[in-house]
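What follows is one structure encoded as structure tokens, with my remarks underneath.
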Amino acid sequence: MLVKEMVQRRKFWLRLIITLDALLALVIIAFLIRDYYPQIKLLLDPARETRMLKHMFRNHGPKDMFLLLLLTATTSAIPALSSSVVCIFNGILFGPWIGLLLNVGGNTLGNIVVTFVLQKVGLRHESKKLGHVIEGISKFKNKMVGMIIGYMVPVIPSFLVNFTALKLKMKPQIQLICIVIGIFPSSFLYAFGGDAIFNDSDKKIILALVCLLALVGLYYVIRKKYQQKIA
């Protein structure tokens, strides 16, 4: 009975934290819509002047940068929700390099928060999907390489990778290095892809999509390799 109550308590706290995180994300989005409303209104105007519109979109300061950093962190911290759309908007609204910093900073912060919450709240039972992730990363001789690949591939939820880090009892500083290295390629692609969309550069958009597909392909190649080893 006591064990059942503990499990229920963990589930309650996890749901509460996720709900609060989602509400925070909605509040941030509301603030951003308010700040960008003049540009959104102009964007919907058929007689808009494109050059002036682009200048207005990118003429925002530290406050909106901070809001986007928080939004990136909150969306990356919610299980089953991707921060990719926000990361692309970071590139659109602040250009490739600042967008890259926002993506790396936000996703790193989000993963750190998730790891901290999991460590405090804990999960008693492992799902089949979670077991596969832990098993796959554990098969790497160098667990750090396995973790980096886990964070690198967009189709693997970072929530599962963070839980795996706890199961493997990875040192926080090592996990931090894995997070930064792992999320850098996709953060780069989203930021520069967003900038390409903003500047209507078809070549850059296609290149970003090809690179993103290459990352997904890398995951399936590695997965197939280890499935063959198990067989």
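Backbone N, Cα and C atoms are what each Cβ position is placed from, and that goes for glycine too.
Per TrEMBL, these features apply:
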DOMAIN    83-195  domain 'VTT'
TRANSMEM  12-33  transmembrane segment
TRANSMEM  66-93  transmembrane segment
TRANSMEM  100-118  transmembrane segment
TRANSMEM  144-164  transmembrane segment
TRANSMEM  176-193  transmembrane segment
TRANSMEM  205-222  transmembrane segment
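Counting Cβ pairs closer than 8 Å and at least 6 residues apart in sequence, the transmembrane segment (144-164) and the transmembrane segment (12-33) reach fewer than three and form no contact. Under 8 Å from some Cβ of the transmembrane segment (176-193) lie the Cβ atoms of residues 84, 87-88, 90-91, 96-97, 99-100, 102-104, 107-108, 111-112, 144, 147-152, 154, 161, 165, 170, 204-205, 208-209, 211-212, 215, all in the same chain and six or more residues away from its ends. Long-range contacts of the transmembrane segment (12-33) within its own chain (CB-CB distance under 8 A, at least 6 residues past either end) are made by residues 40, 64, 67-68, 70-71, 74-75, 77-79, 117, 121, 123. Applying DSSP to the domain 'VTT' (83-195) sorts its residues as follows: 93 helix, 0 strand, 20 coil.
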